[in-house]
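Engineer: Okay, these came from TrEMBL:
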REGION    1-223  region 'Disordered'
COMPBIAS  1-10  compositional bias 'Basic and acidic residues'
COMPBIAS  100-109  compositional bias 'Basic and acidic residues'
COMPBIAS  118-127  compositional bias 'Polar residues'
COMPBIAS  164-176  compositional bias 'Low complexity'
COMPBIAS  189-210  compositional bias 'Polar residues'
COMPBIAS  211-223  compositional bias 'Basic and acidic residues'
REGION    345-426  region 'Disordered'
COMPBIAS  367-378  compositional bias 'Basic and acidic residues'
COMPBIAS  410-424  compositional bias 'Basic and acidic residues'
DOMAIN    426-558  domain 'PHD-type'
ACT_SITE  C655  active site
Amino acid sequence: MKGDSRHLNEEEGASGGEECVIVNGNCSDQSSDTKDAPSPPVLEAICTESASTPESRGRRSSSRLSKREVSNLLSYTQDLAGDGEAEDGDGSDILLMPKLTRETKETRSPSESPAVRTRNNNSTSSLERQRASPRITRGRQGRHRVQEYPVEFPATRSRRRRASSSASTPWSSPASYRSIDLTEEEGTPQRSSTPSTDWSQESMDTTQLDGESKDGDSPEYQDDKEFGIGDLVWGKIKGFSWWPAMVVSWKATSKRQAMPGMRWVQWFGDGKFSEVSADKLMALGLFSQHFNLPTFNKLVSYRKAMYHTLEKARVRAGKTFPSSPGDSLEDKLKPMLEWAHGGFKPTGIEGLKPNNKQPVVNKSKVHRADSRNLEPRKHENKGRRRTTNDSAASESYPPPKRLKTNSYGGKDRGEDDESRERMASDVTNNKVNLEDRCLSCGRKNPVSFHPLFEGGLCQSCRDRFLELFYMYDEDGYQSYCTVCCEGRELLLCSNTSCCRCFCVECLEVLVGTGTAEDAKLQEPWSCYMCLPQRCHGVLRRRKDWNVRLQDFFTTDPDLEEFEPPKLYPAIPAARRRPIRVLSLFDGIATGYLVLKELGIKVEKYVASEVCTESIAVGTVKHEGQIKYVNDVRKITKKNIDEWGPFDLVIGGSPCNDLSNVNPARKGLYEGTGRLFFEFYHLLNYTRPKEGDNRPFFWMFENVVAMKVNDKKDISRFLACNPVMIDAIKVSAAHRARYFWGNLPGMNRPVIASKNDKLELQDCLEFSRTAKLKKVQTITTKSNSIRQGKNQLLPVVMNGKDDILWCTELERIFGFPAHYTDVSNMGRGARQKLLGRSWSVPVIRHLFAPLKDYFACE
């Protein structure tokens, strides 16, 4: 997919002349109003002073940069047309010091076993900006279990200067807040059908450590600035509303220490970390001055963040509110907001300070420091922090990876497991048919089948499966469990060619008690999709799972039924003429290349593209045969009439704000998501006039990992349902995409041709050996080339592991060797172009029927 870009608006009230650059969102259109701006928690920021000192750029004070830093800085060149391949979740940039990287958000100490990944909500999106930034890491933990209690650590705090909140500050009554309707996004306030900002409840309230230092450790943040570890604050990033967060230790982030005058904060709402200037933080006690009512009414993520923030504050202050089991999020928020706007009485701002009286825990954490020691720990005073020995060894080894939790935890998940336990018992005793129960939650009367295992899926689980199944982390593994698309703690298959992971809950309930612990001790461990045996407890793999999986994504019973597209009879060879094409978000001219490879004569090829490097590739490689018209938003009906008529309209709008991988996504109707409507209205401009029966075809492409409602809306506008095609069938890499259109035979089986390079070895240069047959989805991020849970390089040359060369990447995507070798572009820039492109064999499969309609060479 190709991208578009816009600049962020300046935000009023920025202090100290500082500049904050958003660096990790997949959204290429980040402009917004200052008061109704989207949330910063899902976006990293580099907050820099206007002075150009090394410290102000977030680097170490030395004026010299290491080779590693230089290479990392160069790899972050801004790509105005980039969407960062957000949908795959594989999109993380080059590792930063010590590993500052969703999109592998993970590091591994040498003592870690790679068999387990514990989930942390600190996934990032893939927006690429010009400056290097700390990136969120995510990954697997060690093996010692810890008690499941909320986390609270003693705080190390600098002296405060700002005034406390005034109870007399004017504020709107909760009665003026918009009624919260969560029916489309989630069934209950604690449960969501998407991996959106609800991740934070687990992160901030259960698994996230407050990050406070242990006695004996050197205190942090001794720079005479206010706000210490554990303080609840409002944080500010330029272009975005004030957002609640908590100051944490750098050790909680598995990154480097904060620069002087900076603070590591973890945002409520999605639990991500950012390094923010202390001058951009305000005490949470100043609630009325920073609470943004328009944003509260507009963004569900903001309302969730408010709930999690005030719940944390309530616990600290010892405040209780009357509630009943049926209360909605709105009902819970109203008394909390009244309390906050009233000055947090009776304790006031002092009651919001952290304390050290609560037991320490990381829920579902497994400590891997010594895989032989499996004794549960009664207390883990350092929480997610490294031990003293770990800290001492940090010069040699990267920090251990953090816990990842998601929104589908807590009480609801426990109830589901109880229901599934009853289901498993009934199935074992032949009391019920497995197909009559939801395999994910155990409910009766499922609405659909589970595509991989015997059993069904209820409505909410099916929607979650549709949205999250093709969502991948940077290590190439699925972001969620293969069975339930949930899971706090995931076990990764050791088969390098497998991308599946299974959660501990599913193993314990469906396979058998103790299975998860046994699996953690196995290395290598093969998952239940790879083992020859089909049945494991009540987890029974389908014989035809590969066919069922395709049907699951293409035959959705809830999708609206549309009239079949108009069928055009094939044109006799003598009457065929060259094709005329309009390509929107063209990228590196994949459409033109495929048409030429198919031998179809192209009369004109008009392409809209804003990335200069992509334009350079298309211009040079196709010798000026493509007419570029720049920004799609500037194309008018008059332009279409001048350039047309067209026989084929193709395009794939940026996926940044549609992909579930991007926690900051704005959906179909905001940000870059709105660019779909540019395709829609230009498609309508190009349609033949009434009475013109000439063949007219179109195709629109986007990610599979999008919200169900966005998919339905796109289908409603385009008046057809999509087909899902994974490039793994015709290439050496995974790449699942939705395609809407009226091309003949779009839903026919995808069959590889004799010239398709189906294995990695077929794509390599001479004397290089592939370590595996297929690779995971390759994105704009360099880490997406590393394979498996051990993050192995996929190629061996002269006895040494090596990355994929640019020519090899081009062959994997189906391009000719050196196709992107223009304009002195480096390896990183070339991979970014390829990571946003279409798979040539897939487009060839879709375009092949056009040979019956247009003249061929």
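Our numbering is plain: 1 for the first residue shown, then up by one each step along the chain.
Quick reminder: no glycine exception, Cβ is built from N, Cα and C everywhere.
Annotations in TrEMBL come from automatic prediction, not curation.
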Engineer: Under DSSP, is C655 (active site) helix, strand or coil?
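Structural biologist: Going by the DSSP assignment, C655 (active site) belongs to neither helix nor strand, so it counts as coil.
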Engineer: For the domain 'PHD-type' (426-558), would you mind checking the mean pLDDT of the predicted model?
Structural biologist: 85
Engineer: Across the domain 'PHD-type' (426-558), what are the DSSP residue counts per state (helix, strand, coil)?
Structural biologist: 41 helix, 22 strand, 70 coil
Engineer: Which number gives the other C-beta atoms within 10 angstroms of the C-beta of C655 (active site), all protein chains shown included?
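Structural biologist: Taking every protein chain into account, the count is 31.
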